[in-house]
Amino acid sequence: MALSAEGSSGGSRGGSPKAEAASVPSWPQILGRLTDNRDLARGQAAWAMDQIMTGNARPAQIAAFAVAMTMKAPTADEVGELAGVMLSHAHPLPADTVPDDAVDVVGTGGDGVNTVNLSTMAAIVVAAAGVPVVKHGNRAASSLSGGADTLEALGVRIDLGPDLVARSLAEVGIGFCFAPRFHPSYRHAAAVRREIGVPTVFNLLGPLTNPARPRAGLIGCAFADLAEVMAGVFAARRSSVLVVHGDDGLDELTTTTTSTIWRVAAGSVDKLTFDPAGFGFARAQLDQLAGGDAQANAAAVRAVLGGARGPVRDAVVLNAAGAIVAHAGLSSRAEWLPAWEEGLRRASAAIDTGAAEQLLARWVRFGRQI
């Protein structure tokens, strides 16, 4: 068997905070609770994030909030409030332009391993398999090349606004929401986050704030202790999502060892151990997945989509299949193991038939013609 259950939960980790008398939130009140290792009262995280997004929080307050919440350990309710406020300030895609079954393939980053851009390659493969993909991403924060950097090196336009991303999704089957373009109000937190230089609760927000709001996805989390928190946020949204953490530390499904999956469906979370060997994947070495700068990673994309075999292709197929499984989970009729078998078949076929390579060419051409 490739999968074994380890437990389940119904969403938010850490329980509900104690009720407290209604009062106007303030930074001393919120920071005091966090430094006292207490969960925030309902609405306090939302207030803090709104202060940050509107430019009313000072850098010291932003930094103190991010670090204190991280040290306390955030709950799904708190992170859900942060993400909800961030989405309320985002530029949305036009109404009725995102298919109900669209998926995202994205990770938190921050695993410190600097692999090739597996989620970016997987997203292209998933779209070529016929699943609409609206990917949210950014430039590199700690690695040599983020998803946006690699797409740009491939010739994909990463700077498109909501209307053109919607057109790309409709005409090509995939669209890319460049985080700074869609979340301009986040610039206040982004600068502080760079200066802090260590992972905080803000690292969780990218995968939770896709402005297209897809209902399904494969979401990588580099932080094993926070993956369940992310899963709880998706459960509250009743999304069909696989939150994944490679047991080697990757924010992807890994082929070097087992991965842990938090399967989100129908508002609940199940924790599973996933072994790709159960589906015939050979064990890889981590250095076989190593990436480089944007040009090197773009070359790796072209090689895999062009049919090159080996550990990188295996990891891409595995992650693309995971996204297809999450997509299948939108149907109450989906069965877990058959969905994996079908996902792996479709992902492999998308590469082997040339469909993924052709989709990338169409995506590049779309950007040149607009």
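Counting begins at 1 with the first residue displayed.
Just so it is clear, glycine is given a Cβ too, placed from its N, Cα and C backbone atoms.
As the structure is a computational prediction, the values presented were derived from the model and not from experiment.
Residues or ranges marked as region 'Disordered' in Swiss-Prot: 1-27.
Look at Swiss-Prot and you will find Ala2 tagged as N-acetylalanine.
A 10 Å cutoff on Cβ-Cβ distances gives Asn138 (anthranilate 1 binding site) a total of 20 other Cβ atoms nearby, all chains included. What Swiss-Prot records for Gly107, Asn138 is anthranilate 1 binding site.
In the three-state DSSP scheme, Asn138 (anthranilate 1 binding site) is classed as coil. What Swiss-Prot records for Gly107, 110-111, Thr115, 117-120, 135-143, Gly147 is 5-phospho-alpha-D-ribose 1-diphosphate binding site.
Proximity of Glu252 (Mg(2+) 1 binding site) to non-local residues of its own chain (separation of 6 or more, Cβ distance below 8 Å) is seen for Gly107, Thr115, Leu118, Ser119, Gly220, Val244, Gly246, Ala315, Asn319, given in sequence order. Positions annotated as Mg(2+) 1 binding site by Swiss-Prot: Ser119, Glu252.
The feature anthranilate 2 binding site is assigned by Swiss-Prot to Arg193. According to DSSP, Arg193 (anthranilate 2 binding site) is assigned to a helical segment.
The Mg(2+) 2 binding site annotation in Swiss-Prot covers Asp251, Glu252.
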DSSP-derived structure type at Ser119 (5-phospho-alpha-D-ribose 1-diphosphate binding site), helix or strand or else coil: helix
C-beta crowding around His136 (5-phospho-alpha-D-ribose 1-diphosphate binding site), within 10 angstroms: 24
Among Arg139, Arg193, the most crowded of the binding-site residues [Cβ within 10 Å]: Arg193
